[in-house]
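Take a look at the structure below.
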Amino acid sequence: QYSPDSVAGADGEIDPTEVTFPGCSCRRGSCALPECPCLRHGHNYSSLRLRQAEQQQQPFSRPVFECNSLCSCGEGCQNRLVQRGLQLRLQVFRTPRKGWGVRALEPVPRGSFVCEYAGEVLGFAEAQRRSQAQTPEEPNYIIAVREHLHDGRVMETFVDPSRVGNVGRFLNHSCEPNLFMVPVRVDSMVPKLALFAATDISAGEELSFDYSGRFHNLPGTSREHKAPEEENSLRKPCYCGSHTCASFLPWDSSLFSTP
């Protein structure tokens, strides 16, 4: 079932459409610093240039908050981007070795929002149950995003587009991707998993992102569990063809382990 936005999972534990953030009281058509509280809490798109966060020599990047449905600013506010959804012409196509893939049908400038990775937002228990119910032959669409806060806490988001999702579910992994993922918050602490262009992308070029999230994180900040050799039989081979290919798709055993 196609859905442009993430929906509450069958477990009913998390509702991504619930509005819990207060709105800003900005009266102008487009919000600006320093008045807007939404912009004060994190990066804004005009100053972020999005990929620059990956280049800065800082152990953490600031969060991104968009203005929401309770804000007084207009729909044309520059701080409303991901919530507007897909604006580019994309095409799902069959690749020689990787199954389905997605390519751009028009040039995509660096820093542009491409699409969201949308699906059912699950709690940990249901995400683990679904992962363990899969056979090795089945594709695994569940993504686990872990945001490491400065105080040591970890915020987890699990999105499964297997049954309900958007075009993002067909994006392939690459060890040298041209997209990177940014958790963007609009109405609540449940983020939209937004994918942005990491470089200028030509029309017809396949779109990909690193499933481990390492493209946007500095080396050493990734918490992916290193799989022991005996677990390689459970891992899926990587066919990205890049010079830095790791041979296997990223592996995180936490959803597959039993207590």
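Yeah, the Cβs are placed from backbone N, Cα and C, and that goes for glycine too.
Unlike curated records, TrEMBL annotations are generated automatically.
Copied from TrEMBL, the annotated features are:
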| type | residues | note |
| --- | --- | --- |
| DOMAIN | 22-85 | domain 'Pre-SET' |
| DOMAIN | 88-212 | domain 'SET' |
| DOMAIN | 234-250 | domain 'Post-SET' |
Check your understanding: Where does the mean pLDDT land for the domain 'Post-SET' (234-250)?
Key -> 87
Check your understanding: How many helix, strand and coil residues does the domain 'Post-SET' (234-250) contain under DSSP?
Key -> 1 helix, 2 strand, 14 coil
Review point. What is the number of residues in the domain 'SET' (88-212) that are helix, strand and coil, as DSSP sees it?
Key: 14 helix, 57 strand, 54 coil
